[in-house]
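Colleague: Input: one structure, supplied below.
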Amino acid sequence: MKIDVSSPAAPAPVRRSFLRDNPSVLWFMGLLGLFTLGVTVLSEGMGVGVISTSLVKVLGMTLCLCLIAVAMDVVWGYCGILSLGHFAFFGLGGYAIGMWLMYARTEIVIRDNLGRGTIPPTEAEVSEAVAAQIFGVVGSSELPLIWSFAGSLPFQLAMVVLVPGLLALVFGWLAFRSRVTGVYLSILTQAMTLALSLYLFQNDTGLRGNNGLSGLQNIPGSLHLPQSVISVWFFWASAFALGAGYLLFAWVVSGKFGSVIKAIRDNEARVRFLGYNVEGYKLFVFTLTGIISGIAGALYYPQAGIINPAEIAPIASIYLAVWVAIGGRGRLYGAVIGAALVSLLSSWLTGGGAPNIDLGFYRIVWTDWWLVLLGLGFVLVTLFFPKGIGGLFDYLVRKS
Amino acid sequence: MATLLEVSGVSVTFDGFRAINNLSIAMAEPELRAVIGPNGAGKTTFMDIVTGKTRPDEGRVLWTERQIDLLKLSESQIATAGIGRKFQKPTVFEDQSVRDNLAMALANKRGPLSVLMWKASAADRARIQDLAEEVGLAARLDHRAGHLSHGQKQWLEIGMLLAQDPRLLLVDEPAAGMTPAEREHTTALLTRAARSRAVMVIEHDMEFIRRLDCRVTVLHEGSVLAEGSLDHVTQDQQVIDVYLGR
């Protein structure tokens, strides 16, 4: 016998399109496009000049942070892996592109100088002079092995994808294969990012130790262009990357794949008994998000102008988790809201933009109090709004 | 009837406690089998061994006429080899719709890339519809699984098992916490499923087992105490001793 509670079954729905099923993706793309257009029109370099070049850079960097936050949301909010190490991938992407930026620009300057002599310089002389220029600061004049192809843009662009991707793949394979989960996995990812950061701090590593790579805002081949124009280019590239990344992840989490990774988040043992290789899925998600994080970093640091090992410190990855939690886990736009809001608020309050408040008996200096405010916000969101700011949209949709 | 699953001489010890002691059980295909036994008899541990969750200290577990050694396979490989398992506590994915739960269980390719590219074909949709009708959830396909009643969750889980199209179903206490009407529906589901495949049911409830009307294996302290029809085993002096205390 069958117990069929109500009317005959509804007919199976016809095949629906991806965008029709996910209206928030269209909304997001539209808003991102409008924002990009608005900033361009108001920018110093391309438009009327209401928005200063430094603000364009901050906004462009914020878009990169939104991209890594979306990646973090996929790995944590959807797949349940609380990675506290994704900024390591972000930093590696930055280092990979930074090597080319620094090498190629130094090479142009050196050739310019040496070329003024009567005898044209040999390749070996150029290479030596570049090495001495870049590594003088750490007391060396040898070009480390990892810089062998630093003069090649295609090679370093490949490294932007390959280095974070391989690190995520190897680390993930070791961790997931041993079935390390939950807080232990989080600790392991922290250890990874800490170890990487300490490794990069050493001068012997060949990435200029604590000096990091600098002058990254100067783009070889476009050295004659003002920063006001370059900043808008990078803003566009960041907006494009965020849009493409958002679309990619929205597609990844929308179908059956999304179903499986959410199921892994909720009960991974059960997913195994359904016949899915849980470790393979986790590795796939971890590596894919690692690669996208690397790309986000490669766009971020040319706008920041400098990268050093402190950027990879564990605290950066913890902030990332805080952004996603505040914005709302398990919804991609939530991660964008969280990252944009918190990082912009942070640069406003700590950059001296916000007026300090004089209470008479006490003066609230935002540079000191910002972290307290952030911590308090995190606690409040966790306790009272587990769905984060993005959860407000559910509320609004239900009301209307 | 060919032997589908052959468990022989299996033992497993947890911290000195022998949960399974030289246990041997064989299942034919098709067959409906009930496994009963007092608490701690090793019923669930037995299922853990067959599904790869627990590795035994000794013994063999062979699968199908091809004599595949299940002890060498991982949980997911065992599942794709054709063994489905329903847990004691209903474990469906509450955050997702009934349809998504069933779609995940469908016997399609399981690799990340093929799942990423997966689109429900007409055949898939028809199969989901059939399964939902079979377990009585056709009207609830687009509801969240978390909103189902306890009994409906159990059925959804059975539906997910059937979706996997396994040759052997291991079902742990399917009737726990069900109303009499729900039990009847569950009995019908299981006996129907057992027409074409092997179904092994662990249950405490004698009334439920009587309705299943099948061969019964009694486990005690990790090994088989008696086997036969329900009437046969309930008249066995050893079984009476074990259940009522010596």
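Quick reminder: no glycine exception, Cβ is built from N, Cα and C everywhere.
Any TrEMBL annotation is an automated prediction that lacks curation.
So TrEMBL lists these for the protein:
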TRANSMEM  A:25-43  transmembrane segment
TRANSMEM  A:55-78  transmembrane segment
TRANSMEM  A:84-104  transmembrane segment
TRANSMEM  A:153-176  transmembrane segment
TRANSMEM  A:183-201  transmembrane segment
TRANSMEM  A:233-253  transmembrane segment
TRANSMEM  A:280-300  transmembrane segment
TRANSMEM  A:306-325  transmembrane segment
TRANSMEM  A:332-349  transmembrane segment
TRANSMEM  A:369-397  transmembrane segment
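Looking at the shown structure, can you explain where the listed features end up?
Modeller: Residues 18-19, 49-51, 53, 56, 59, 228, 231-232, 235-236, 239, 242-243, 246-247, 250, 332-333, 336 of the same chain sit 6 or more residues outside the transmembrane segment (A:25-43) yet have a Cβ under 8 Å from a Cβ within it.
If one looks beyond the transmembrane segment (A:55-78) by at least 6 residues along the same chain, the residues whose Cβ comes under 8 Å of a Cβ in the stretch are 39, 43-45, 86-87, 90, 228, 231-232, 234-235, 237-239, 241-242, 245-246, 249, 252-253, 258, 261-262, 265, 285-286, 288-290, 292-293, 295-297, 299-300, 303-304, 320-321, 323-324, 327, 329-332, 334-336, 338-340, 343-344, 347.
Beyond the ends of the transmembrane segment (A:153-176), by six or more residues, the same chain brings 85, 88-90, 92-93, 95-97, 99-100, 104, 185, 188-189, 192, 278-279, 282-283, 286-287, 289-291, 293-295, 297-298 to within a C-beta distance below 8 angstroms of the stretch.
Among residues of the same chain six or more beyond the transmembrane segment (A:233-253), those with a C-beta under 8 A of the stretch's C-beta atoms are 18, 22, 25, 28-29, 32-33, 35-36, 39-40, 43, 56-57, 59-61, 63-64, 66-67, 70-71, 73-74, 78, 261-262, 288, 292, 295-296, 299-300, 302-303, 332, 336.
Sequence-distant contacts of the transmembrane segment (A:280-300) (same chain, at least 6 residues past either end, Cβ-Cβ under 8 Å): 60-61, 64-65, 67-68, 70-72, 74-75, 78-79, 81, 83, 86-87, 89-94, 96-97, 157, 160-161, 163-165, 167-169, 171-173, 176, 234, 237-238, 241, 245, 248-249, 252, 260-261, 264.
Through the fold, the transmembrane segment (A:306-325) approaches residues 65, 68-69, 72-73, 76-77, 82-88, 90-92, 94-95, 98, 189-190, 193-194, 196-198, 200-201, 209-216, 334-335, 338-339, 342-343, 374, 378, 381-382, 388 of its own chain, all at least 6 residues removed from its boundaries and within a Cβ separation under 8 Å.
Remote same-chain residues near the transmembrane segment (A:332-349) are listed as 24, 27-28, 58, 62, 65-66, 68-70, 72-74, 77, 242, 246, 249-250, 253, 319-320, 322-326, 366-367, 370, 373-374, 387-391, 393 (criterion: CB distance under 8 Å, separation of at least six residues from the stretch ends).
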